[in-house]
Amino acid sequence: MPPDDVSGRHLTPDAADSGEPPTVLLLSGPNLNLLGTRQPEIYGSATLADHVRTATDTAESLGLSVEAVATNAEAEAVEAIHRARGRNRAIVVNPGAFTHYSWALHDALAAFEGPVIELHLSNPDAREPWRRTSVVAPVATGTIAGFGGDGYRLAIAAVARLLDLG
Ligand code: DQA
């Protein structure tokens, strides 16, 4: 059985059944809660709340909705991905530093049935050598990196295309 949400409303895996827009999990990993003040020369001055708003507004314009989860903890990120199974139609994930070593995130994403967009504000390939490995990329449908906050718009637009909505 699919999980219930906090309101106790029963959720179906297929939004077409409920008449509600398909939902996208927007998952943000460690240190992204500091956006706005964290190394603005690399990550910009927008906050995570600003990026969530960009994603939400873009989603609404394309017939989607966004559920945002932000966590600094690997276990919580894994559990958010588990909850997405049968609940969310796609995942947009900025895994932060988990990108580079979390095989637990890799395995959780591999068990998700829908499209997965890996998203980075910066372009990790143009930075320190250790950032050039992504253990998420092999289980992602595609990666958007290096476009700053515009990446959130691009990622949701990519989801809409992959779900045949836009
Ligand atoms: C990041 C890039 C990662 O290498 C880094 O650890 C982050 C942010 C980005 O959005 O550019 O925390 O994912």
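Keep in mind that glycine also has a Cβ here, set from the backbone N, Cα and C atoms.
Going by TrEMBL, these are the annotated features:
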COMPBIAS  1-12  compositional bias 'Basic and acidic residues'
SITE      Arg38  site 'Transition state stabilizer'
ACT_SITE  Tyr43  active site, proton acceptor
BINDING   Asn94, His100, Asp107, Leu121, Ser122, Arg131  substrate binding site
ACT_SITE  His120  active site, proton donor
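Arg38 (site 'Transition state stabilizer') and Leu121 (substrate binding site) are 12 Å apart (CA-CA, integer value). Here the Cβ of Arg131 (substrate binding site) has 16 other Cβ atoms within 10 Å, regardless of which shown protein chain they belong to. Selection of the recorded positions Arg38, Asn94, Asp107, Leu121, Arg131 by a Cβ distance under 6 Å from ligand 1 yields, in sequence order, Asn94, Leu121, Arg131.
For Asp107 (substrate binding site), the number of other Cβ atoms no farther than 10 Å from its own Cβ, over all displayed protein chains, is 13. In this view, the densest Cβ surroundings among the binding-site residues Asn94, Ser122 belong to Asn94, judged by other Cβ atoms lying within 10 Å. Restricting the binding-site residues Asn94, His100, Asp107, Arg131 to those with a CA within 10 Å of the CA of the residue listed as 'active site, proton acceptor' leaves an empty set. Across the residues the record lists as binding substrate (Asn94, His100, Asp107, Leu121, Ser122, Arg131), the two Cα atoms farthest apart are 24 Å from each other.
Among the recorded positions Arg38, His100, Asp107, Arg131, none has a Cα sitting within 10 Å of the Cα of His120 (active site, proton donor). His100 (substrate binding site) sits 19 Å from Arg38 (site 'Transition state stabilizer'), taking the C-alpha atoms as the reference points.
On the backbone, the CA of Arg131 (substrate binding site) and the CA of Arg38 (site 'Transition state stabilizer') stand 17 Å apart.
The Cβ of Arg38 (site 'Transition state stabilizer') lies under 8 Å from the Cβ of Asn31, each on the same chain and at least six residues away in sequence.
Look at the recorded positions His100, His120 and count other Cβ atoms within 10 Å of each Cβ; His100 has the fewest.
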